[in-house]
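Comments concern the structure below.
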Amino acid sequence: MPTKLIKHLPLILILFLALSLRAFRIDSFPPLNPDEAAIAYNAFSLIETGHDEHGNLFPIHFKSFGDFKPGGYFYLALPFVKLLGLTPLAVRLPNLILSLLAIFLFYKIVFLISSNQKLSLISIFVLSISPWHIHFSRGAWESNTALSLIIIGTYFFLKSTQPPKFSVKYFTLFLISFSSTLYIYHSTRIFAPLLGLILFAIYFKTFYKNFRQLFLPILFTALISVPVLFSFINNGGTTRFGGVGLTADQGPIWRANELINQDASTDLFYRIIHNKRLLYTISWAQKYFSHFDLNFLFLTGDEVPRSKSPEMGQFYLYQLLFLLVGLFSFIKTKLFDLKSKQIIIFWLIFAPLASSLTFQAPSALRSLPLVIPLSLFISLGLYHTLIYISRLSNYLLKYLSYLIVIFIIIVSVIFYLDSYYIHSPARYPQAWNYGFSQLVNYFQKNPTTDSVYITNKYDQPYIMILFYTKYPPHLIQKEIKLTTPDQFGFSTVTHFGNYYFQKIIWEDIPENSVIVASDEEIPIAPTDIIYFPNHQPALKIYYKHE
């Protein structure tokens, strides 16, 4: 075996582990969710017609469910959909590829700031087996794609500042990577600019000396960022924040009025201390710090079923010990210089900020950048723990300690995989819109020209039917009509072709129709049943004839 290959064998094995954990059954598990279906179908529509499902010509923001998704991932998926067809694998591959590249560059980043290969290898091992990172690498999650681009950009930034000479090439790649995140995910529009400004501030002297070389790259970046900002403002891009933003929660307003009424006074003093702005600030602080709650990080995880695995936190429970050791070591360590420590600290501070500005917090999805500094602290703790074990004079105790650490890590990963692949489908089958692929297969085997009424109990059923039937885009562009947005800013489609999507009430549906209902909507025996993985009825099929 060549010497160079032996030298890099640990890195290769860890990257292979990362690939295996992220790519296994990615074409079928988890089941496709509506956001993924929307991305894939709109990419398909662009390929076929040059317009999205709503008839917009190559948009920057995609109207989709009325939430105006940033268009970056749609265009990333486009060549894969062109090559592989309208499949789950096609829409998930861009995120998977960028995730693996980000893991590799995370290794390079840690080595750049520490000059320690062992810590670098431990760091990407910790990230490779991270439940938080694995979960959002296995799907068309724009948040993870944006995080990958930030990691890539951070590597280019650090590379540009390396002696002996400042690199304009790497700096330009940094700017392109960071600015491209504006086209990928809403929350990154807060995190990426803040982190970018901090990087500039920390290395201000370096950039000041090279300002003339940087002017054109900065101007170019500003110009390519302008379209997304105008589109965000003018084409409904603020709709999503209006639906999930902090002020969408009316609780602080109700609480302020309640407190003023309890004081039985409308005096200025009471209106100041019970001001809704003050209560919103308190609410924001609670949501911000909830992302550092140990229950969220190590025990229960996100409350949203689609973003979690049963009985799991965002990290493995054993990693709490290494996190504490790592935090203590970070304060004292000389592995990182002051600038590197500042980058890590500000990354940690900024990571939950976008998530804390929504009423749905803590959110594993929106605070995903938090996985990087916390993984680094855990890695630092594991690194120093292994150093301590290596210095034990008692050989039996030393190797027993190594075995215990290895055993705990292996068992924890197996526990997570069991939770993710076995218990998650059984516990949260509705979270993934399970059953629509099977429903379309059923109608392919049992074709009908009757009107088909499908329950709207599940999230955005219309896009699932568009995706799995490969409904002609030129037809949907003429037929599509969104409903009035709900309180969260989402709309849906209630009819296209011979498909209708509504609450199923037997008496309201005309004769000569096929009805697809949820388990509890119609009490009579169905013609056929599509089951969830936990063997509970997902969709019941009825034929209503005279």
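Positions of Cβ are set from backbone N, Cα and C atoms, glycine also.
Curation plays no part in TrEMBL annotations; they are all automatic predictions.
Per TrEMBL, the feature transmembrane segment maps to 89-107 (among others). When Cβ-Cβ distances below 8 Å are used as the criterion, the transmembrane segment (89-107) is approached by residues 11, 15, 18-19, 22-23, 26-27, 32, 36, 39-40, 43, 73, 76-77, 80-81, 83, 120-121, 123-124, 127-128, 133, 137-142, 144-145, 147-149, 151-152, 155, 372 of the same chain, each at least six residues removed from its ends.
If you look up TrEMBL, you'll see 119-135 (among others) marked as transmembrane segment.
The transmembrane segment feature in TrEMBL is assigned to 141-158 (among others).
Beyond the transmembrane segment (170-185), the same-chain residues lying 6 or more positions past its ends with a Cβ under 8 Å from any Cβ of the stretch are 60, 70-73, 142-143, 145-146, 149-150, 152-154, 156-157, 159-160, 192-193, 195-196, 214, 217-218, 220-221, 224-225, 228-229. According to TrEMBL, the transmembrane segment annotation covers 170-185 (among others).
Per TrEMBL, the feature transmembrane segment maps to 191-208 (among others).
The feature transmembrane segment is assigned by TrEMBL to 215-233 (among others). Within the chain, the transmembrane segment (215-233) has long-range Cβ neighbours (under 8 A, six or more residues past its boundaries) at 59-61, 68, 70, 168, 171-172, 175-176, 178-179, 182-183, 189.
The feature transmembrane segment is assigned by TrEMBL to 315-331 (among others).
Sequence annotations record features per position, and here TrEMBL assigns transmembrane segment to 343-361 (among others).
The feature transmembrane segment is assigned by TrEMBL to 367-387 (among others). With a cut-off of 8 Å between Cβ atoms, the residues of this chain six or more beyond the transmembrane segment (367-387) that come close are 106, 110, 116, 118-119, 122-123, 125-127, 130, 132-133, 136, 143-144, 147, 150-151, 191, 291, 297, 314-315, 319, 321-327, 329-330, 333, 335, 344-345, 347-348, 350-352, 354-355, 361, 402, 405.
Per TrEMBL, the feature transmembrane segment maps to 399-417 (among others).
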- Item | Remote residues contacting the transmembrane segment (315-331) - C-beta distance under 8 A, at least 6 residues beyond either end | 126, 130-132, 294, 297-299, 341, 344, 374, 376-385, 408-409, 412-413, 416
- Counting Cβ pairs under 8 Å that sit 6 or more residues apart, are there three or more between the transmembrane segment (343-361) and the transmembrane segment (399-417)? no
- Query: Residues of the same chain, at least six outside the transmembrane segment (191-208), with any C-beta under 8 angstroms of its C-beta?
  - Reply: 146, 150, 153-154, 157, 161, 166, 178, 181-182, 214, 339, 342-343, 346-347, 350-351, 353-354, 369
